[in-house]
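Each remark here refers to the structure printed beneath this line.
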Amino acid sequence: MVDVIALGEPLIQFNSFNPGPLRFVNYFEKHVAGSELNFCIAVVRNHLSCSLIARVGNDEFGKNIIEYSRAQGIDTSHIKVDNESFTGIYFIQRGYPIPMKSELVYYRKGSAGSRLSPEDINENYVRNSRLVHSTGITLAISDNAKEAVIKAFELAKSRSLDTNIRPKLWSSLEKAKETILSILKKYDIEVLITDPDDTKILLDVTDPDEAYRKYKELGVKVLLYKLGSKGAIAYKDNVKAFKDAYKVPVEDPTGAGDAMAGTFVSLYLQGKDIEYSLAHGIAASTLVITVRGDNELTPTLEDAERFLNEFKT
């Protein structure tokens, strides 16, 4: 039995070596990434097993993703190699036009990952897991990928969802709102991961306490409310925990939220309280933003403990 299953599209990332407009960048670093893959790595590094249900192309990038994922301890037995399409890629423009922020340019339309479908879901495998995770990204990339998430959520004992609304992937923000709210209304979500921007789209509020009240009315049990450079708040049973962000040099913030989410969810599943899980999630996201690459610095449980005990800002 696997502890956690994530559904989504793994991607190859080309991260600009220097900040600035992509038209002036000559050198890039290649990384394996993708929101759900990043989430899985955080889960594994906190001592739970995790499987990624996905598709990659029958190409060198697809092989790279499978080999890298396996090396990180992810169960890759449910990553399907699709002979009809290609592995998606994206480029990161760092520090321009907003310092310490990154912009993503995707080349993924029609990719193998977007061809994820309900037929890729092994029903018994999903039923026997403890929790199924996905994101608004997977809900956005294609109708069949959305249906795969719905099928997995139907079978799941427990669910977590990261709203992760990427406007470039949706036909409209209204469509994003309609789709994600339909999921929240239909399924009990054990842990919802979101932020003020997404909550403004979904509920037309940004205040964390008001957001928790409204999400709770929709059946959300635990809310992880990310505040970027201001830290994050977690809620459960009307108990609220806040953890401020650490001040560190920001190389690339991409992937920080995935590291926080995977760390928080995995520790919560192990019976840790929201304060402990949140502190470790903040530690993970802090380390990730200091380098290029989404998941290489996602810490193990032990390294996060050391960070929390020794690092002061």
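Glycine too: its Cβ is placed from the backbone N, Cα and C atoms.
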- [ ] Kindly point out which candidate in D3, D197, D198, D258 is recorded by Swiss-Prot as part of the substrate site with G34, S35, E36, L37, N38, Y90, Y106, Y107, R108, R166, D294.
- [x] D258
Task: Residue among the binding-site residues L227, A256 whose Cβ has the most other Cβ atoms within 10 Å - done: A256
Task: Tertiary neighbours of S229 (ATP binding site) (same chain, Cβ under 8 Å, six or more apart) - done: A245
- [ ] Take the Cβ of Y106 (substrate binding site) and count every other Cβ within 10 Å, whichever protein chain it belongs to.
- [x] 15
Open item on the list: Need the DSSP three-state call for Y106 (substrate binding site) to compare against my parser.
Closed with: strand
